[in-house]
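Sharing the feature lines straight out of TrEMBL:
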- Glu322: active site, proton acceptor (ACT_SITE)
- His323: active site, proton acceptor (ACT_SITE)
- Tyr128, Gln186, Asn209: NAD(+) binding site (BINDING)
- Ser233, Gln255, His258, His323, Asp356, Glu410, His415: substrate binding site (BINDING)
- Gln255, His258, Asp356, His415: Zn(2+) binding site (BINDING)
Amino acid sequence: MLQRIHWCQCGQSERKAALQRSDIVTDPALVDRVSQILKQVKCEGDVALRALTEQYDGTLPESWQYDSTALSEAGERLSAPLKQAIDTAIKNIRAFHQAQALPPVSPQIAPGIACELRTEPLQRVGLYVPGGSAPLISTVLMLALPAQIAGCELKVMVTPPPVNDAILYAAARCGIDRLYAIGGAQAIAALAYGTEQVPRVDKIFGPGNRFVTEAKRQVSQQGIAIDMPAGPSEVLVIADELANPEFVAADLLSQAEHGADSQAILVTPSTDLADGVDRALKRQLATLPRAQIANAALRQSRTIVAQDLPEAAAISNAYAPEHLIVQTRDPRALLPVIRSAGSIFLGPWTPESVGDYASGTNHVLPTYGAARTVSSLSLADFQRRFTVQELTRGGLDALGDTVITLAQAEGLEGHARAVALRLSANREGSA
Ligand SMILES: NC(=O)c1ccc[n+]([C@@H]2O[C@H](COP(=O)([O-])OP(=O)(O)OC[C@H]3O[C@@H](n4cnc5c(N)ncnc54)[C@H](O)[C@@H]3O)[C@@H](O)[C@H]2O)c1
Ligand SMILES: N[C@H](CO)Cc1c[nH]c[nH+]1
Ligand SMILES: [Zn+2]
């Protein structure tokens, strides 16, 4: 079912190929198309938004803008169980993100020297919620809740039309100020440059397909802040012979069903487990509504047979998956050697789906191997940190000579003088 690779039999180039995923930056047609869309929106504003929406998403609805009053009305049309599920997810995600608020940092450095690290919310944030192949209600929560907890003044959400009531309800519950029914690269352009109707924002957040992710990459080179490259979903499962093949197959399929460009990788030292997972995949695919999409994703997925679990961990580190699931005898034992993964799910009772929806962690995660250096979305992404300091006369008197010595060692006499003249004034004053 999954293409199988035996790691120990592979040369350097085969190993590299086994861990390859599609890369947006290496597709010149994508780069060109997105660049044209950005230019079109920059020059023509809302006229371009209407034309591009018609081209890619169908007609732009008459009411493509929702203010907070329009958002709050959507709840009346939603079923009670769905509202309840959204509310439970909100409670857990809010709890995890509220706990990330840092206490003020103001250590006593030395007598008369006060240094502080302060944070303040970003003011205007743009939040992209994917909607091309499935309306990602959960992404509304993952973006809007940390923005709300941080205290961002203006929270603008965009998502492709048609926008369903659950998205609107979730947006209202998380304090979204305005929502626009636009998607793709054109929505990113609207947030980056502003149009007659859509306000320009300071930073753009959110996952999306290759068009969205490439648009974020391009606007980030034009001075607009973005969160991270959060493209097509990826999962890597490390499993040993004790893992339940049905669970492993279900976890692989849960990410494969996101899109034909998703990737699901199994790394295992057990060929018996790999055989069992293949059989389970076949069985489960037969009844999966999105089997066609999942099948396409599985065609660019694989099983890698490793010698042992340390080698499996090393393979995972080299791939740097968005999601890593560990289903082994002692999953926590592997944690210290995991170097790069966006989010880690330990044990048989932690399907990746719980993190996607409701356990509390954020599902906006780095893809394309960016997990090597980029973190999962958190409260800090919606804040700006800055330092404050104040020295007393005595504090400067004590530190001044150190600064003068260092400044002169760098050949920066101006810096040294800014201190020296105060020391003289201070010492003359006290003489
Ligand atoms: N990494 C993460 O944190 C994370 C989280 C959630 C979802 N995702 C991923 O987000 C993606 C969502 O993708 P999606 O397609 O469902 O929704 P999307 O909203 O990202 O993209 C849909 C938009 O793409 C544009 N588009 C489609 N075809 C186009 C074309 N040929 N030319 C120009 N523009 C075009 C359209 O304007 C459409 O509105 C999935 O791959 C999913 O795996 C990732
Ligand atoms: N797995 C996705 C992140 O790659 C997030 C998601 C939303 N809904 C379902 N799944
Ligand atoms: Zn998912």
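Counting begins at 1 with the first residue displayed.
Cβ atoms are placed via backbone N, Cα and C, with glycine included.
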Quick one: give me the count of other CB atoms within 10 A of the CB of Gln255 (substrate binding site).
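Other Cβ atoms within 10 Å of Gln255 (substrate binding site): 28.
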With the Cβ under 6 Å from ligand 3 as the test, give me the qualifying entries from the binding-site residues Tyr128, Asn209, Asp356.
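Passing the 6 Å Cβ check against ligand 3: Asp356.
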Secondary structure at Tyr128 (NAD(+) binding site) (DSSP, helix/strand/coil)?
strand
Would you mind pulling the DSSP three-state label for His323 (active site, proton acceptor)?
strand
If one looks at the chain holding His258 (substrate binding site), which residues at least 6 apart in sequence have a CB under 8 angstroms from its CB?
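Correct list: Ser133, Ala134, Pro232, Ser233, Ile293, Ala297.
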Just the recorded positions from Tyr128, Asn209, Ser233, His258, His323, His415 whose C-beta lies under 6 Å from any atom of ligand 1, please, or none if there are none.
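With ligand 1 as the reference and 6 Å as the Cβ limit, the list reads Asn209, Ser233, His258.
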What is the maximum Cα to Cα distance, in Å and rounded to a whole number, among the residues Ser233, Gln255, His258, His323, Asp356, Glu410, His415 annotated as binding substrate?
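It comes out at 56 Å between the most distant Cα atoms.
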An 8 Å radius from the center of the Tyr128, Gln186, Asn209 Cβ atoms defines the neighbourhood of the NAD(+) site; name the other residues of that chain inside it, in order.
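Here the non-site neighbours turn out to be Pro130, Gly132, Val158, Pro160, Gly183, Gly184, Ala185, Ala187, Ile188, Gly208, Phe211, Val212, Ala215.
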Check the Cα distances from Glu322 (active site, proton acceptor) to each of the binding-site residues Tyr128, Gln186, Asn209, His415 and keep only the ones within 10 Å.
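For Glu322 (active site, proton acceptor), the binding-site residues whose Cα atoms are within 10 Å come to none.
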In sequence order, which same-chain residues at least six apart have a C-beta under 8 angstroms from Glu410 (substrate binding site)?
none
